[in-house]
Amino acid sequence: MSTNLSNAEILNNLLEGRDLDELTSRALMQRWLNDEISDVETGAFLSALRAKSSTGVELSSMAKELLNVCELPVARPNLYLVDTCGTGGDGANTFNISTAVAFVAASCGVKIAKHGNKSASGKVGSADVLLNLGLNLNCSLEKVINAVSEIGITFLFAPVWHKSLIKLAPLRKTLGIRTVFNQLGPLVNPLRPNAQVLGVASEDLLQPMGSALLNLGMNRAIVVHGSGGLDEASLQGKNKLVFIENGELRFSEINISDFNHENIANENLVVSDLDSNEEILKSVLNGSGQKSHMDVVALNVSLVLWAAGIEDNLNEGFNKALFSINKGDPWKKFLLLKNYLSAN
């Protein structure tokens, strides 16, 4: 994959607001991976892409290059896999909803391959809270992959699988802005899931992320931007959705009031630190949590059940999720995964 354009020419196109085609987007990512772009150029590229806004073609093309260099140590399980990884970065400091969603969905029969990382901009990322709960993220990659067949859920810690991007981390941190790599994270799950629910922190990302998932061959997916700016479906009001199905994008909205529940402000979902995040996550999974916490998780699980093809009716999916939560099945699923990853 190559292009005759120099780094300077590609950068100039971006600065003039021109979108990159697939060939150029893939070539740009290859140059990053091959250390053919300096730190100064990287800062300029990331800033220019941010200012222009990345397209679905740019995102999916770069994601393909990242996936091409991500080799699996064992064969991918022949299962219909679903991911709940989003962009993060909404700055709302809510408890880690997508992680709770993953375990609840798994307890409802969805095969979950959860891709995640440490915090993007909030206080706690999925890896942070799972590490605090004692999940072993340093076991063999073979065991990580096999867990989805044995337990029905696994967690893929992004830095372990995408080591080529570690060298960019200090520069991204120095820039202090959200970049295209925040958007690429949810698109580069090494197990290449068949379906996904992908939360975005900005409404402007709904269409490009939906198009990217479509370009990557996703069977079914939902991109969601929550009321009040969450990168999850929110209890606060109208949530914007893009459904990906049959090769098409369909825009829609849902409100918790559609499920005969009252709207609740996002402030009720805020946590102050890692320990309180852990406490809330555990209480949701074992069925002893606050109603608002369990409801917001169930709402998002209903989207996962749709993506998995288990329940097309979101209201029914919501009730199915609450039933599983109230039985404490998600916590049992977490303990099974914890024990499996810790065993010799």
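Glycine residues also receive a Cβ, built from the backbone N, Cα and C atoms like all the rest.
Under the heading anthranilate 1 binding site, Swiss-Prot lists G86, N117, citing sequence analysis as support. Around the Cβ of G86 (anthranilate 1 binding site), the same chain contributes S98, P186, V197, L198, G199, V200, A201, V224, D231, E232, each under 8 angstroms and 6 or more positions distant in sequence.
For G86, 89-90, T94, 96-99, 114-122, S126, the entry in Swiss-Prot reads 5-phospho-alpha-D-ribose 1-diphosphate binding site, with the evidence type sequence analysis.
All protein chains included, E232 (Mg(2+) 1 binding site) registers 30 other Cβ atoms within 10 Å of its own Cβ. Look at Swiss-Prot and you will find S98, E232 tagged as Mg(2+) 1 binding site.
Residues annotated as anthranilate 2 binding site in Swiss-Prot: R172. Cβ neighbours within 10 Å of R172 (anthranilate 2 binding site), excluding its own Cβ and spanning all shown chains: 17.
The Mg(2+) 2 binding site annotation in Swiss-Prot covers D231, E232, and the record cites sequence analysis as its basis.
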Rank the binding-site residues T94, S98, N117 by the number of other Cβ atoms within 10 Å of each Cβ, and give the residue at the low end. N117
Same-chain residues at least 6 apart in sequence whose Cβ lies under 8 Å from H115 (5-phospho-alpha-D-ribose 1-diphosphate binding site): D83, C85, L156, A158, G185, P186, V188, N189, P190, L191
For K118 (5-phospho-alpha-D-ribose 1-diphosphate binding site), write down the residues of its own chain that are at least 6 apart in sequence and whose Cβ falls under 8 Å from its Cβ; none is a fine answer. G125, A127, D128
